[in-house]
Structure formats: structure tokens, C-alpha cells
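Per Swiss-Prot, the features are as follows:
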type     : residues                                               : note
ACT_SITE : Glu121                                                 : active site, proton acceptor
ACT_SITE : Cys379                                                 : active site, S-methylcysteine intermediate
BINDING  : Cys141, Cys145, Cys148                                 : [4Fe-4S] cluster binding site
BINDING  : Gly205, Glu206, Ser237, Ser259, Leu260, His261, Asn336 : S-adenosyl-L-methionine binding site
DISULFID : Cys134-Cys379                                          : disulfide bond
DOMAIN   : 127-376                                                : domain 'Radical SAM core'
Amino acid sequence: MTSSTLLETPAAAADHDCASAPRSLAGLTRDGLAAALLEIGAPERELRMRTAQLWHWIYHRGAGSFDDMLNVSKVLRTQLAEKFTLARPQIVTEQVSTDGTRKWLIRFAPSAESDRLAEVECVYIPDVDRGTLCVSSQVGCTLTCSFCHTGTQKFVRNLTAQEIIAQLIIARDRIGDFPGLAPRDGKGSNSGSRLVTNIVFMGMGEPLYNLDNVVDAVSVLSDGDGLSLSRRRITVSTAGVVPKLPELGEKTGAMLAISLHAVRDELRNTLVPLNKKYPIAALLQACRDYPGASNARRITFEYVMLKGINDSPSDARELVRLLKGIPAKINLIPFNPWPGTAYECSDDAVIEKFSDIVFNAGYASPVRTPRGRDILAACGQLKSETEKLRARALLVAGD
């Protein structure tokens, strides 16, 4: 397979310091926008109206300049432009798979929340009836799941809510998903039908170890006056941070996905080391108690198919037994290889037999079609260049 790569800016530009640059308002919550307006002296009596105007232009219209905001007074636009921008984070690379999947490597400049440059990957997966954006919630990951490429990258920091939301703004910019605006690269479509219909927190990081920012991000993503994504089309995937599950359900109303991958603790301890802290029985009880779980809002259990490891008929039957009483569907994921891994994907016939056992027991058990494998954009393949970036920064500091 081949893929095309768009280099937005030279990688060497990573060493520039953007900490002193004007702050961007793109990605802020309503409270954040209101605080910015107060900074430039906007009257408190106008705060609600002015915040609503900014919200509409940033999130509904995708404005890239304050000059685009035609119903905002020229005086206010000038004041905003003197202090702030609507700039997006830097796109280091964009890769387009032969199947249409796109992967962006995004660089975040230092900010008030963090003095570190950082990079993450996010992925857009177009399909016939939907378009799914897979977003990252952390730079690197603490969980070291043995089958996951991200797990080989050291944890650097949490992403802010603004940085999470910026991933969607960038995607909508690039593919032309804001009404009336052409794609930034000329390759997308702005025909009027929404291109990003679903958001999945299945990129880099464990969302529940960054829950406050994930909660704020979901509130912006689902706001009906802006990005307007249904909470039923927002899925948060977790390896099983059991104490945080009730809070996730109560504060977001998002759909839940569990990275299960094994039906016995001794194996899951290896595949998902977090299991040593929160074993399968505790995790599944938390799922039974998850706020809002029902046949209409089923919990998705993700199960990566590893050859000779977790793919036997007895594993399938045990999975069915474990999930009894939980409104669930099982997403079977053919393992996606990455450089240095020792795992292999189960054979197609083995996956089909596993799926049949689960399906015949009454559970939906779709086999996920791998997308973006040729650009390392498929499930479990994401890993940013942040480690190299940190090394370059240290070299520059020593010069």
C-alpha cells in the first residue's frame, strides 16, 4: 500500500517557542470565552450576548479570523484581534491512506497550562453513512498495554479541553466540514452534509486519567449552538479506571467503551496491566452500575484478536458468561501490527468462529474493518513524535 504525506511545516520548526504568542480562543469553553471578553473590558451586561456571538462563529461557522464575525462590532473585533487569535495548533504532517483514512500529527505550543511542546495524533475515518474522528486525550500513556503502540511511548502530560476540541476543529477545517467554508486543502467536501458525525476518545492516552478535561471537552462538542454532536455519538473508551466510571457517566452522558481484550485476570494482567489494580470482576460490576446503561445505550466491549493468545472458542464462551446481565455489544478488533510488536493477528476463520459464538449467544459482535493500516492510523497503532521532540528541545537548550 502507498499513502500520501502532506508536510504542513518543517519538523525542525518544533524548537520555536510559541509561549509568548497571542492566545487562541478556538477550543475554549463558554466560561473561557467570557473570561477573555472580560480581559479586554467587555461590559458585563453584554457578556452573555457577546459570548454567544463568539461561540457561534468559532464552533458553528468555523471562523479563522475575527474579521469573519460580521455581526460583531468592528470595535470589539479590533480589541479581540489585539489580544487573541483564532489560530489552530500546528499540523506537522497529514497522511492520507489508500482507504481514505486521514491521520494528523498535531503539535501544541507551550501554554499557561503547560510549558511543554507536545504532539499527538488524531485520525479521521470516513464511511458510507458516517465519519468518525478518533481523538487523543493525553500525550503518551501511563498504562503500557502490551499490544498497543501508544503504550510504548512515555506519558508526557494531559491535554487540555481546548487541545482536545482543537483536534475536531482541525479535522473540520481540513475536510471542509464547516458550513459555507471550503476545505483548507481543497480535497474535502462542503456539500452541506456533515462529514464528522461521531467522536471516539480512542486515540492516545487514558481518558479517565484526564477526566476533568474530557468532561469539559464533551460539553463543548455536544453544545447544540456550536459543534452540536449528540452525546450518543460521542464514545469514551477506557481500559477500566473503575472509580472514575460513575463520574464519567453522570457528567458526560457519553457512550462507554471498555478495552477488555481478555476474559481471565492472569492474561489481562499482561495485556492491560491496569487489571492488577482493577480486576475483571470489579470492572464488570462497575459496568452493570454505569449510569444510563440500557439496551438503547449499550456498553461496547473492545476485544483485540491476538493469535493463539485470547482467541479460542473457550475464550468466546467465557466472554458471553462474563457479560451476562450487561447491555452490551462486543467489537472484535483484528490486531493491527506495529514496529517491534511480538503479537500477530488471529486468522480470519478463527475470528469468524469467535464472532459466531458471541452472536449466537445474543450479542452483536461486529468485526471491525481495519482502516488506515498503511499509515499506522489503525486501532492500537498511534504514537507521536513527542519523545524525539523532547530530545531536540534538550539539544537546543544545551547550545
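Cβ atoms are placed via backbone N, Cα and C, with glycine included.
Locations of recorded Swiss-Prot features on the structure.
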residue : record                               : Cβ contacts under 8 Å, 6 or more apart
Cys134  : disulfide bond                       : Cys122, Val123, Tyr124, Ile125, Val200, Met202, Gly203
Glu206  : S-adenosyl-L-methionine binding site : Ser137, Gln138, Cys141, Thr142, Leu143, Thr238, Ala239, Val241, Leu274
Ser259  : S-adenosyl-L-methionine binding site : Cys145, Ser237, Thr238, Ala239, Gly240, Val272, Glu302
Leu260  : S-adenosyl-L-methionine binding site : Gly240, Arg268, Ile280, Leu283, Phe301, Glu302, Tyr303, Leu319
His261  : S-adenosyl-L-methionine binding site : Cys145, Phe147, Arg268, Leu271, Val272, Glu302, Tyr303, Val304, Leu306, Asn310
*How would DSSP class Glu206 (S-adenosyl-L-methionine binding site) in three states?*
coil
*Rounded to the nearest Å, what's the C-alpha distance separating Asn336 (S-adenosyl-L-methionine binding site) and Cys148 ([4Fe-4S] cluster binding site)? Just drop the number here, would you?*
9
*For Cys141 ([4Fe-4S] cluster binding site), just count the other CB atoms lying within 10 A of its CB, please.*
26
